[in-house]
Amino acid sequence: MKTPIYLDYAATTPVEFEVAKKMMNYLTIDGVFGNSASRSHKFGWKAEEVVDIARNQISELIGADSREIVFTSGATESNNLAIKGIASFHQNKGKHIVTSKTEHKSVLDTCRYLENKGFTVTYLTPKNNGIIDLNNLKKNIKKDTILVSIMHVNNEIGIIQDINSISQICRNHGVFFHVDATQSVGKIPIDLKKIPIDLMSFSAHKIYGPKGIGGLYVRRKPRVRLLSLIHGGGHERGMRSGTLPVHQIVGMGESFVLAKRKIHDDFIHLTKLKNILWNGIKNIEEVYLNSDLQQGAPHILNVSFNYVEGESLIMALKDLAISSGSACTSASLEPSYVLKSLGIRDELAHSSIRFSIGRFTTEKEIIHAIKLVHKSIHRLRELSPLWEMFKSGVDLNSIEWDHV
């Protein structure tokens, strides 16, 4: 078995061989290397043609019109474009935005940026299982609210939000609805013909495509208007200027084709492996599930092991590539803001591990991972004075610790 075993698919995925092979045809002199904006010769025409094909492939997976797809550098840029673009264009109608405390940093930091520009932002606290309270959402939509931004699947705990119901609430209140679907596109069926979402962000590298390319869905009917962030040649219908990376777009299109073909089998495969993993570790003493198995995505399992530091466990599990949270924030020693928003105390948040599985994960790898987790937890707790006190019956919550 090859080690380390990769269990960090929520951070990024390997590029499918078919995707990489196809991308190579759009890089060199022997292939289609032209600029898709060059309208005066065959090299440009051919590049534009394959970009249009990829745009169609992407739209087919999510039930969109190809003209509603705007290419970006990834989901972070898409989130920025959606939120800042709507806020800038529609600020005369209102300057209030609603989001949640458990959103990705690219949404939260964008909202904080807008607060410094005179906007007000309401950050909803989810229920303990991570789900947004729809009644609370309704109460917080005001006359000057212009945008609600809620992610579909949380990148740390995998909880799935009811974007269908949220979209209806937003439509009834005349408010734009943006969805960060980075962790759901290609894993959970989404049909934008049936769900009235106005803007949706997604990325290629989360579904076995290349890094550095993503998209923003912008609804045409009824038309959604926003101001661009990047100005220049007026590419992407004026919403995102810059020469299109044809090879990356082709790779993204191919990864979306494969996702559409494999989404059902992937879902079954991921659900099976996640259940095996949880069933294999749930009997460890003082283990806590930081999500909801019934309302969670098939590829993410977030667990806390009390009396074990998450960072220490990651170091002990050197044969497993896992995360102590979002890849974008796991370098921080602060406990996960997502888990803290769910009411989880700092000690448990610090002891959390995110396992995220993917298309290439095998049952044999999961079984091996379970054995490694058991072994490492046992060894680390043997070294922990807190664990010894807990096992001796000491109520650690009643102790007043000195902070020097």
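Cβ atoms here come from the backbone N, Cα and C positions, even for glycine.
The feature active site, cysteine persulfide intermediate is assigned by Swiss-Prot to Cys328, with sequence analysis given as support.
If you look up Swiss-Prot, you'll see Ala75, Thr76, Asn155, Gln183, Ser203, Ala204, His205, Thr243 marked as pyridoxal 5'-phosphate binding site. Secondary structure from DSSP puts Thr76 (pyridoxal 5'-phosphate binding site) in a helix. Using a 10 Å Cβ-Cβ cutoff, Thr76 (pyridoxal 5'-phosphate binding site) registers 21 neighbours.
Residues annotated as [2Fe-2S] cluster binding site in Swiss-Prot, with sequence analysis given as evidence: Cys328.
Around Lys206 (N6-(pyridoxal phosphate)lysine), taking its Cβ as the centre, 28 other Cβ atoms fall within 10 Å, counting all chains. Annotated N6-(pyridoxal phosphate)lysine per Swiss-Prot: Lys206, in sequence order, evidence recorded as sequence analysis.
Note on the binding-site residues Asn155, Gln183, Ser203, Thr243: the fewest other CB atoms within 10 A surround the CB of Thr243.
Reported as a whole number, the C-alpha separation between Ala75 (pyridoxal 5'-phosphate binding site) and Lys206 (N6-(pyridoxal phosphate)lysine) equals 10 Å.
Residues within less than 8 Å, Cβ to Cβ, of His205 (pyridoxal 5'-phosphate binding site) and separated from it by at least 6 positions along the same chain comprise Thr12, Thr13, Val15, Gly74, Lys211, Gly212, Ile213.
A simple way to gauge crowding: the CB of Ala204 (pyridoxal 5'-phosphate binding site) has 31 other CB atoms within 10 angstroms, across all the protein chains here.
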